[in-house]
Each structure stands twice: as C-alpha cells, then as structure tokens.
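Asks: Sharing the feature lines straight out of Swiss-Prot:
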- 1-229: region 'Pyrophosphorylase' (REGION)
- 11-14, Lys25, Gln76, 81-82, 103-105, Gly140, Glu154, Asn169, Asn227, Arg333, Lys351, Tyr366, Asn377: UDP-N-acetyl-alpha-D-glucosamine binding site (BINDING)
- Asp105, Asn227: Mg(2+) binding site (BINDING)
- 230-250: region 'Linker' (REGION)
- 251-456: region 'N-acetyltransferase' (REGION)
- His363: active site, proton acceptor (ACT_SITE)
- Ala380, Asn386, Tyr387, Ser405, Ala423, Arg440: acetyl-CoA binding site (BINDING)
Amino acid sequence: MSNSAMSVVILAAGKGTRMYSDLPKVLHTLAGKPMVQHVIDAANDLGACAVHLVYGHGGDLLRQTLHEDNLNWVLQAEQLGTGHAMQQAAPFFNDDEDILMLYGDVPLISVETLQRLRAAKPQGGIGLLTVKLDDPTGYGRITRENGQVTGIVEHKDASEAQRQIQEINTGILIAGGADLKRWLAKLTNNNAQGEYYITDIIAMAHQEGHQIVAVHPQRLSEVEGVNNRLQLARLERVYQAEQAEKLLLAGVMLRDPARFDLRGTLQHGRDVEIDTNVILEGNVVLGDRVKIGAGCVIKNSTIGDDCEISPYSVVEDAQLQAACTIGPFARLRPGAELLEGAHVGNFVEMKKARLGKGSKAGHLTYLGDAEIGDNVNIGAGTITCNYDGANKHKTIIGDDVFVGSDTQLVAPVTVGNGVTIAAGTTVTRNIADNELVLSRVPQVHKQGWQRPVKKK
C-alpha cells in the first residue's frame, strides 16, 4: 500500500465525433452536470494534491465551464494516444507522489473503488483497474503468468489466443511519479494504431521486476465510457436507478423509481413522498412529510416540514417554511419565499417576493419584487406591476389585507395593514391602514343594445 501524496490526471482531449455535437464530449451532462465534472469531483473527494486536465478539442468551452481552483490545464494539441496524453502531463509530476490516471468520459467511477485501487498499489509497482467481460472484443487484454499481471495487449495487436482472454483493461491505473515519467519516456508507437499506448508501461514495469496488482470495480457501470448519446443515456438511467435505490432504502417514497431524476443533491426528512416524473436539480432540501406531486421540477430550494407541492409546479431558488401548499401549475422563481402556512395556487408566479404566514394567492397572479404580510388574501388576476420599462420597483403589502380580483398594484407602492382593495382596482398611490380602495369607472347600462351583425 502506498502512503504517498497523490495527483490525478484526467484525459479529456477527445473530439467525441460520434456524439455529433459541437460541444466537447466530456461537457455533455449526466445527472445535470458535465461528465468530466463527475470525475473531477471524485478526484477532489480522494484528496488529490493537484488535478491535471489534458484537453484538446474545445479547450475554450472547457475553460469557460470548469472553474476548479486546483485544475492544471495541459494541452494535447495532437491526439496520438493515451501514452502521448500522459507525456504532456509528465513534466508536472513530482517524483515522490503517486499519479492516478482517469478519463473524462468515464463519469461513474466511484471514490470507493479508487480508494481500493490506491490502497492496493504496491511500493514501486502499479495498481491497475480491470474487469472481466463475456465479450471483450475491442478492449486491451490482461496477460498473466502464474497469476501475476505481465502486460496489456491491445485488441488490434492481440493474437487469436490472447483475444480469448476475458479480463480487460479499463484504462484506470495508479503509479509512482518517478517511475511513470521514466516509463513514459520509453514509449514508442510501433503498433497497429501508430499511437503511444499507456498500456505499454505495464510490460516495462514487469520487466523491471515491479509488481502489478489488479483491482476490480464494484460495478461494471463504473468503468463504462461514453462515445455516443446512446451510451450516455444508458449511463444516465444507471445513475438514476442507483440514486433512487439509495433514497428508497433511506425511507423516501418514490412512486415509480424509474420515473424520477436527481440532478444534484437531496437532503430529506422522514416520510417524504415523491410522485412520478419529478426532477430535482442542484441542492434540494425536503423536510419531514413533504409531498411532491407528479411532474414537478424543484431546483436549489428548501421545502419545510408538511409542505405539499401539487402536480406540474416549478420551484427554483425558493424557500418554503412549514405547511405551505403550492400549485398545481405554480411557478416560484428565484427569490420567492413563503412563510408558514402560505398558499400559492394554480397559475401563480412569484419572483423576489415574500408571502407572509397564512397568506394566500389562489389563482392567476403575478407577484414580483413584493413583500406581503400575514393573513393576506390575493384575489385572482392580481398583478404587481414592478417594471417601468427601465427599472424594477417594490410593492409592500401589510398584514390582514384583502386584495380583490383583477387588481393592479403599480410599484413603487405601499399598502397598509387591514386594507381592503375592491375588485378591478388599479392602485397607484400608497394606502393607509384600514382603508377601502376602489377605482372602477362608473358602470354604464344601454337598454335595447343590439350586437353588430356579420356581413355576409
């Protein structure tokens, strides 16, 4: 077992031709974040001293997307094989550290497997991650003598006998910095592909008398790479199935685990119920006894105890205290805050607005840049007119206010406590406590009125 410090190299220079996309392959998302970010996160969780990212195609987009402080960007201008990629990073290796080699398009590698690989690496030798496949066609085969790993033969260079070997190379390995630099300097491209294979260092290490220890991953999906969108979609479902299983075992009721997506992290209380086709993105917190209806999307939000979110509601960057009810078809945009027992009904939109304790906005309403007190009733069709074409302005509504249907509050405006606003009113001035306000035009009756007749 090695006790050395460790750095990680992530190979991410491939074009991803089979993705048929202008986006670099490793930036295609799995569970809401780029594939390569999953690998970077694993490296950081392992406590890597540095992460060397070998890039080529789409370097500008990679730099715009990835903002890790400890990333060292290494350019591979020509893609001449995995060994060539590692040669570009080699000048940054310290002799006394271990180097772990990972891939930006193998997103589900687990920290636990990598910890076992690191622990298994012999002093002066190599730790190698391998798997056995029923059909190993196309993969490099692991050769052994008396049970000991002696080398890796790529499929195109393998003999018929070697092609019968089922144990294959995943490409993930760990070796000492000084040894790795020495072996990389000896690589040649005398092979069927005309490339520099990192796998050739296995035979070099064996010839020098160093031990190579093979470790198997916990699950095959951990080492599955992505070369096309079909493979990416399959890994997405594998990942989501794993997350759903963990949540079910932790006490979350998923009505259909196959129709649930977690694209971030979820902290949850007890007796949480989640219906079908729900998507959770970013960092989501659900309190005890929260119920989420079918088709909801919740992103970067905290939902308090006993809240119920009815179907097809969207909640983003919002905060809900206990016992709030939302939807169906409600939209809470960034900055929405509901205090205890508040209700937002169907086709109500909130942004940068706070709804007080026990207050209700039941139907067809827009509340933006607003502070609304406790026990307020917002009638159907109410709009806070917060934008004058250049700037946003605030609406403040006190406690115990009744706002009638089809009311427009033209900000900036303040409504005092206990105010009653009649239906159809346009509020343009501040209102003192306990006033009744109405601004309707006189109702006109025209007897004997005849509707226009359509011309034929």
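Cβ coordinates are placed from backbone N, Cα and C, and glycine is handled just like the others.
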Asks: Here are the recorded positions: Arg333, His363, Arg440. Which has the lowest count of other Cβ atoms within 10 Å?
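Replies: Counting other Cβ atoms within 10 Å of each of the recorded positions Arg333, His363, Arg440 gives the minimum at Arg440.
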Asks: Hey, which of the binding-site residues Asn227, Asn377 is the loneliest by Cβ count within 10 Å?
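Replies: Sparsest of the binding-site residues Asn227, Asn377 by Cβ contacts within 10 Å: Asn227.
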Asks: Taking the Cβ of Tyr387 (acetyl-CoA binding site) as reference, which residues of that chain separated by at least 6 in sequence fall under 8 Å from it?
Replies: Gly368, His393
Asks: Should Asn377 (UDP-N-acetyl-alpha-D-glucosamine binding site) be counted as helix, strand, or coil on the basis of DSSP?
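Replies: It is in a strand.
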Asks: Select one residue from Leu11, Ala423: among these binding-site residues, choose the one with the most other Cβ atoms within 10 Å of its Cβ.
Replies: Leu11
Asks: Which numbers of helix, strand and coil residues does DSSP report for the region 'Linker' (230-250)?
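Replies: Each residue of the region 'Linker' (230-250) counted once, the result is 20 helix, 0 strand, 1 coil.
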Asks: Mean pLDDT, the region 'Linker' (230-250)?
Replies: 98
Asks: If one measures from the C-alpha of His363 (active site, proton acceptor) to the C-alpha of Arg333 (UDP-N-acetyl-alpha-D-glucosamine binding site), what distance in angstrom results, rounded to a whole number?
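Replies: So the Cα of Arg333 (UDP-N-acetyl-alpha-D-glucosamine binding site) lies 16 Å away from that of His363 (active site, proton acceptor).
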Asks: Could you say which of the binding-site residues Gly14, Gly81, Gly104 has its Cβ with the most other Cβ atoms inside 10 Å?
Replies: Gly104
Asks: Can you tell me the CA-to-CA distance separating Gly81 (UDP-N-acetyl-alpha-D-glucosamine binding site) and Asn227 (Mg(2+) binding site), as a whole number of Å?
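Replies: Per the Cα atoms, Gly81 (UDP-N-acetyl-alpha-D-glucosamine binding site) and Asn227 (Mg(2+) binding site) stand 16 Å apart.
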Asks: Compile a sequence-ordered list of residues in the same chain as Ala380 (acetyl-CoA binding site), six or more apart from it, whose Cβ lies below 8 A from its Cβ; state 'none' when nothing qualifies.
Replies: Gly362, His363, Leu364, Thr365, Ser405, Asp406
Asks: Across all chains shown, how many C-beta atoms besides its own are within 10 angstroms of the C-beta of Ser405 (acetyl-CoA binding site)?
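Replies: 18, counting other Cβ atoms within 10 Å of Ser405 (acetyl-CoA binding site).
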Asks: Counting other Cβ atoms within 10 Å, pick out the least crowded of the binding-site residues Asp105, Glu154, Asn386.
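Replies: Fewest other Cβ atoms within 10 Å, among the binding-site residues Asp105, Glu154, Asn386, is found for Glu154.
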Asks: Between the binding-site residues Asp105, Asn227, Asn386, Ala423, Arg440, which lies closest to Asn377 (UDP-N-acetyl-alpha-D-glucosamine binding site), Cα to Cα?
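Replies: Its closest listed neighbour, by Cα, is Ala423.
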Asks: Using the alpha carbons only, what distance in Å do you get between Arg333 (UDP-N-acetyl-alpha-D-glucosamine binding site) and Asp105 (Mg(2+) binding site) once rounded?
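Replies: Here the two Cα atoms are 33 Å apart.
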Asks: Are there binding-site residues among Asp105, Asn227, Ala423 that sit within 10 Å of Leu11 (UDP-N-acetyl-alpha-D-glucosamine binding site), Cα to Cα? If so, list them; otherwise say none.
Replies: Asp105
